[in-house]
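Peer 1: The structure that follows is given in the form of structure tokens.
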Amino acid sequence: MAGPSFDLEIAHPLPLAGVDEAGRGPLAGPVVAAAVILDRGRVPAGIDDSKKLGAEARADLCGKIREVAHVGVGIATVEEIDEINILWASMLAMERAVAALGVEPAMVLVDGNRCPRWTRPSQWVIGGDALCLSIAAASIVAKEERDRMMADYDVHHPGYGWAKNKGYGTPAHLDALARLGPSPLHRRSFAPVAQFSLFPAA
């Protein structure tokens with residue numbers, strides 16, 4: 001099957017930004033979004049949906065994307081996730097990512113089935129990270145940025161295995177949650193965490 005291309009993007013005005021997020025499902029850590037404006041004459045080879053790439057290839061591509069593209073990263077905190085829910089926190093992170101580009105896009109393509117509540121021209125694309133190069137590039141940057149953050153958080157909040165599980169609800173993470181209680185970076189609005197929230201970790 002062919003990978004992502006510019007086929008769905010060429011009908012739109014330039015500059016065009018692709019936007020994607022990483023971290024909707026984990027029990028801990030922020031949700032991170034990236035916005036990428038690619039130079040169509042300088043696209044790194046091998047860009048694909050981040051979920052289809054190995055860690056080494058993804059890290060290499062992230063570096064190459066940052067070298068040749070406009071990149072913006074936006075974060076919604078655990079507190080924001082718990083306050084407004086993960087969907088709207090994801091939208092907020094996307095808004096912040098586009099605002100961080102340093103260039104105002106004429107069009108934004110967003111992975112998923114809805115766009116943030118903004119006034120800029122935009123269109124959502126279901127499965128966009130597998131279809132659109134700009135969105136695929138954003139998926140790589142968002143995933144790399146969030147993984148880096150979770151590895152750093154693992155140093156400061158040891159015991160949960162975040163460097164490995166990235167905050168997802170693996171059996172080992174759930175076991176640690178039961179033993180240690182939630183950390184300040186756990187999403188207390190998520191059911192597996194809420195049941196332990198009466199016993200917050202120090």
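Using the three backbone atoms N, Cα and C, a Cβ is placed for every residue, glycine included.
Taken from Swiss-Prot, the feature domain 'RNase H type-2' applies to 14-202. The feature divalent metal cation binding site is assigned by Swiss-Prot to ASP20, GLU21, ASP111.
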Peer 1: Same-chain residues six or more away whose CB lies under 8 A from the CB of GLU21 (divalent metal cation binding site)?
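Peer 2: Listed in sequence order: VAL31, VAL32, ALA33, ALA34, SER90, ALA93, MET94, ASP111, ALA142.
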Peer 1: Out of these binding-site residues, ASP20, ASP111, which one has the fewest other C-beta atoms within 10 Å of its own C-beta?
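Peer 2: Taking ASP20, ASP111 as the binding-site residues, the minimal 10 Å Cβ count falls on ASP111.
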Peer 1: Other residues near the divalent metal cation site, CB within 8 A of the CB centroid of ASP20, GLU21, ASP111?
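Peer 2: Neighbours within 8 Å of the Cβ centroid, excluding ASP20, GLU21, ASP111: VAL19, ALA22, ALA33, ALA34, MET94, VAL110, GLY112, GLY128, ASP129, ILE135, ALA138, SER139, ALA142.
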Peer 1: Any idea what DSSP makes of ASP20 (divalent metal cation binding site), helix, strand or coil?
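Peer 2: Note: ASP20 (divalent metal cation binding site) is in a strand by DSSP.
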Peer 1: Could you pull the average pLDDT for the domain 'RNase H type-2' (14-202)?
Peer 2: 95
